[in-house]
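Structure first, commentary second.
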Amino acid sequence: MLTLLELLKDGRFHSGQALGGALGVSRSAVWKQLQQLESDLGLSIHKVRGRGYQLAVPLMLLNSVDIREQSKDCPWTVLVFDSIDSTNAEALRSIELGAQAPFLVLAERQMAGRGRRGRKWVSPFAENLYYSLVLRVDGGMRQLEGLSLVVGLAVMQTLRQFGIVGVGLKWPNDVLVGPKKIAGILLELVGDPADVCHIVLGVGINVNMQKTDEVDQQWTSMRLESGLQVDRNQLVARLNMMLKAYLARHQLQGFASIQEEWEQNHLWQGRAVSLVAGVNKIDGIVMGIDQQGALRLKVDGIESVYSGGELSLRLRDDS
Ligand code: BTN
C-alpha cells in the first residue's frame with residue numbers, strides 16, 4: 001500500500017495503467033488500493049478521466065536514510081512505521097525484546113497516540129511528528145532529574161530554528177505558542193531508576209496539520225505559525241542534534257545547569273495559576289522551578305515545591 005503512496009506522493013497525475021505496471025497488479029487492483037488509501041489514511045485523491053490519479057496534496061514521507069544523512073552526529077538506529085498504535089508503546093516493546101539503545105521510533109501516524117494524564121494524542125497520517133527516542137540510563141536517579149523539562153527545552157529551541165516566533169514552555173513540559181499547544185512530551189521508564197533503566201523520550205509536534213476537530217484544547221502547528229510546509233525529515237534531524245547537545249549537557253553538569261535557561265523560557269513565570277491533580281486544586285503564584293525541575297509555587301505567601309506526572313497547571317481567571 002505504501003508503495004502506491006510512494007508512487008503518488010509527488011502530487012502529479014499517474015494513469016491507472018502506469019501505476020498497475022509499476023506495482024505489477026491489475027488496474028482494478030490499483031483502484032481498490034486507492035480506495036483503501038482514502039479510507040484508511042484519510043487521504044484525498046483526485047480521479048480525472050484521461051489523466052489518472054493525483055494526491056490532492058503532495059506528501060513528504062519520513063525517510064530514515066535522509067534523517068541519518070542529515071544528523072550524522074547522531075548514529076542512532078531509526079525505525080519508521082507507516083502506522084502504529086503509539087511510538088512510545090513500540091519503543092517499550094522493542095526494549096522488552098532486547099533492542100540496543102539508543103534508537104529512535106517514528107511513525108507516519110498513531111492509532112493510539114498517548115498523552116500525559118491518560119489523554120490521547122491526535123496523530124493524523126504524514127502531517128505531524130511522532131517521535132520516541134530510547135536511551136539507556138545507568139547513572140542512577142540524578143540522570144533523570146528534570147529530564148522531561150530538558151526535552152521540552154530542546155524541542156522549543158528546534159522550533160525556533162524553524163522560525164517559530166513566540167514559542168515557550170509551560171511546566172512541566174508543554175511547548176506553547178501563546179496559549180496554544182504546539183508540542184507535548186511524554187517520558188516513560190522501564191527498569192530500575194536507581195540502577196539501570198531505559199527511558200523513552202516521546203515527543204509529539206504539530207507540524208503541517210492545519211485543521212482537526214479532534215483536539216480538545218487550544219492548539220497550533222508549525223505550518224499555521226510560519227505559513228510554510230515543513231520537511232519532517234529535516235525536523236527530525238535538527239531535533240536529534242538539539243536533543244543530543246542538551247542531553248550531553250544534562251549528563252555532564254546536571255539539571256541545575258539548565259534550570260535558569262528553562263525559567264527564562266517559562267511562559268507562565270510569575271503568573272497566578274491553579275495546580276490541578278485529579279479533583280484537587282491548589283491556587284498559587286509560579287515562582288519557578290527547583291534544581292530537580294519541581295515547580296516552586298507561592299501558596300498563601302509560603303513557597304512550596306510540587307512534582308509528579310499527574311500534575312498540570314491552569315491559568316487563574318484573575319491572572
Ligand atoms: C502530552 O500530553 O502533552 C504529551 C504528548 C506526547 C505525544 C507523543 S507522540 C510520540 C509519542 N508516542 C506517544 O504515544 N506519545 C508520544
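Glycine is no exception: its Cβ is also placed from the backbone N, Cα and C atoms.
The feature DNA-binding region is assigned by TrEMBL to 16-35. Same-chain residues lying 6+ beyond the ends of the DNA-binding region (16-35) with a Cβ under 8 Å from its Cβ atoms: 1, 3-4, 7-8, 45, 47, 52-53.
The annotation domain 'BPL/LPL catalytic' is assigned in TrEMBL to 69-251.
Cβ neighbours within 10 Å of Thr87 (biotin binding site), excluding its own Cβ and spanning all shown chains: 30. According to DSSP, Thr87 (biotin binding site) sits within a helical segment. The feature biotin binding site is assigned by TrEMBL to Ser86, Thr87, Asn88, Gln110, Arg114, Gly115, Arg116, Lys181.
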For the biotin binding residues given in the record (Ser86, Thr87, Asn88, Gln110, Arg114, Gly115, Arg116, Lys181), what is the largest pairwise C-alpha separation in angstrom?
20
Would you mind sorting out which binding-site residues among Thr87, Asn88, Arg114, Lys181 put a C-beta under 6 angstroms from ligand 1?
Thr87, Asn88, Arg114
